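Beneath this line is the structure, given in structure tokens, with notes to follow.
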Amino acid sequence: MHETSRTRTELEAERDYVDGLYERLDELRAEKARQLAEVRRTQAAGSHQNRSERDAFATMYEDRLAQLNAVDDRLVFGRLDLDSGDTRYIGRIGLSDEDLQQLMVDWRAPEAGTFYQATAFERMGVRRRRHLMLSRREVVAIEDDVLDADLLGDDASLQGEGALLAALDSRRTGQMSDIVSTIQAEQDRIIRAPLPGVTVVQGGPGTGKTAVALHRAAYLLYTHRDRLKSAGVLLVGPTDAFMRYIERVLPSLGETGVVMAGIGTLMPGVHTVPEVDERTAAVKGSLEMATVLRNAVTNRERIPAGDQRLNVEGTMLTLTPRQVSRARERARATGKPHNEARITFVRTLLRELTEQLLEKLEESSGGGNNADRAYLAEDVRSARDVRIALNLVWMPLTPQKLVSELFARPELLRAAAPTLSDDELASLARPVDAPWTEADVPLLDEAAELLGDLDVSAGRDDAARDQERKRDLANAERALENVNSSLEDSGVDGVLSAEDLARYNEVAATRETAADRAAADRTWAYGHIVVDEAQELSPMQWRLLMRRCPLKSFTIVGDIAQTSSAAGSSSWREALEPFVGDRWRLEELTVNYRTPAQIAESAVRMANAAGLVVSAPRAVREGRFAPILETVTELEPALAQAVPEELAAIDGGLLAVIAPEAILPGVRSALTADYGDRVGSGSGGPGQDIVVISPRGSKGLEFDGVVILEPQEMLDSAAARVGDLYVAMTRPTQRLRVISTGEIPAGIAD
Ligand SMILES: Nc1ncnc2c1ncn2[C@@H]1O[C@H](COP(=O)(O)OP(=O)(O)OP(=O)(O)O)[C@@H](O)[C@H]1O
């Protein structure tokens, strides 16, 4: 048969099959919608238990429906033809027909692994791998990798090259998209790495670290559902702009159970601003702060200088330093945090003061006093003098109060931080009502650990919640016996467990998702944590994250060469050693999927010339445009000329103007004057095709075109790091233009 007509017939056959898959998807959606409507209709009636069961089902159907709706785009993307003669379709979720015959395998399932891993050298039972490219619901192209050594050319390392290059060349939207159809073998190995332990993924710019981190989160939730579902997975990124950039990827993979948080948002209820002063960030980020905070807390458990006279209902009692000191020892011996140990402290002193009151009253009445001890204890407890005296020596504290007063009162800070230099102390000083910064979050978290629960009655709430959960679980088990069969979902996921249903029950009761609850609870212990741009984390931030995952199950992705925070790391070993010793494994990503070779090479030359050693990944694309370098006398006219030219060259794509922090406001207002609402920040919003951003703000993001202003300034300014310019230069997917009123930094040109 003629080649093109053969391809046409194949294409038609694939279209038919894919039509069938969408039909099945629509059927399942209709079924879920019907079940949901039915449950809602009967919701009002019945006993409390019946109602909560129905709520649970309603929530579950809503979740399933949302999942089915999320996978419409590029539902299926691959097909494997196996040595056994079987054919297997790979897609975003698993689908089976009514007779439970498998129609499509979930990309995360073990049987789908070969789609990403098989090569001509190690075929893994695969004869042919086919990539299906869809536009809406229609197959528009197919591309085959024939894994038969005789038929192959030299380079077998890129899988589905056509599909991959099409994905890489597509215009950027300001929102990251998933790469599920073109995951490459070295990425897949990391995505499917075992759950336990710490996996560090080091990779240069554009090697897909963020993509891998997100797909790994989805893979882990799918594969280790039982272990991770209730504990959840936390994904931490550097900035809110970055979190917005990646927020749609997981839903498009059908996952809603991941808590995504910027590192500055991990203290519930505390809103933060960036820490602008590098020196302050470095001091706050160092592990010494853990000791400083411990000292700050113990210094707030004071011994008064002399005896205190306390008036209790007209009788004068004496509180001696020795009494306070003994009570403090007892309280500290409980090993509890400050606020909780305070109960022992107060109880001990109240008992002693009550004793004293009793003695005094007996003395004054000649031994004949028979006042009820309980009454006297109450008198002591409620006496104003007593309350003030006890509070002065052992004040109940919130983390916010401890930290804000520590930084606002030099004498407190000096006493708590004897090892910090005057400069370091000065960098921490600030007014008591200053806004919280991102670097304060781990300090507040540390303080919360040292202080414990302020409202000790919260302990009772926890107990009540536990009790309720046990009851939910028992109800769920009973309910499941009756209805398990109706839960079978014809192939979309498996059968629910009692735990599942209990979780849905809880969720239904509180009307929030498990992820919401986790995000709102500072002490939530996650089953796994994925950290992106991890090189930026300070030791104190690491310490916080380690606390959030007692199992120490982490995926850590980053690039040491891109570190820009003064508090960040210069080696993975140094960053992780204090927490996990050498118990971590290193994986590397070596291919740059974003930046064309001409631009990537220029960035590497610049970094090397400035003394930064970078791992230089191999760029997948040559690129059509060499970087444009301009030395000008005045910046503004040069920018005014460059922007329209670049916009035209990227033909409706997204353009970033990356400038040093100091000139950013001027650049923004100049561009806003010309382009109005089209100018945005971060990765841009709807209708925005120009963003103005600092090098650090651009971290993790990407754009079709990038204009860098004053590159030398990015290297020279007080807080500058070579990594800043390196990050800026590696953001474009198509074009780079560098404009400078001074020298163009060495290495950028050939
Ligand atoms: N296998 C792949 N198929 C298609 N696109 C890919 C693949 N791997 C990576 N990409 C694309 O390459 C670009 C860079 O990926 P990503 O942002 O994850 O890289 P990164 O290593 O986190 O980069 P950086 O460290 O510079 O922020 C993204 O547009 C991503 O979608």
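From the backbone N, Cα and C atoms, a Cβ is placed for every residue, glycine too.
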Inset, instruction - Among 11-45, 186-220, 396-430, 536-570, indicate the range for which TrEMBL gives the feature coiled coil. - result: 11-45
Inset, instruction - Sort out the residues at least 6 away from either end of the coiled coil (11-45), same chain, that have Cβ-Cβ distances under 8 Å to it, and list them. - result: 51, 54-55, 57-58, 61-62, 64-65, 68-69, 71-72, 75-76, 79, 89, 91, 95, 97, 103-104, 130, 132, 134, 137-139, 141-142, 489-490, 492
Inset, instruction - Output the one of Gly203, Pro205, Gly208 that, of all these binding-site residues, has the highest number of other Cβ atoms within 10 Å of its Cβ. - result: Pro205
Legend entry - For Thr210 (ATP binding site): DSSP state (helix, strand, coil): helix
Legend entry - Listed in sequence order, residues with CB under 8 A of Thr207 (ATP binding site) and six or more positions away: Leu589, Thr590, Val591, Asn592, Tyr593, Pro617
Legend entry - Cβ-based neighbourhood (8 Å from the centroid) of the ATP site, residues Gly203, Gly204, Pro205, Gly206, Thr207, Gly208, Lys209, Thr210 excluded: Asp559, Leu589, Asn592, Tyr593, Arg594, Pro617
Legend entry - Predicted model, mean pLDDT over the coiled coil (11-45): 88
Legend entry - For Pro205 (ATP binding site), the three-state class that DSSP assigns: coil
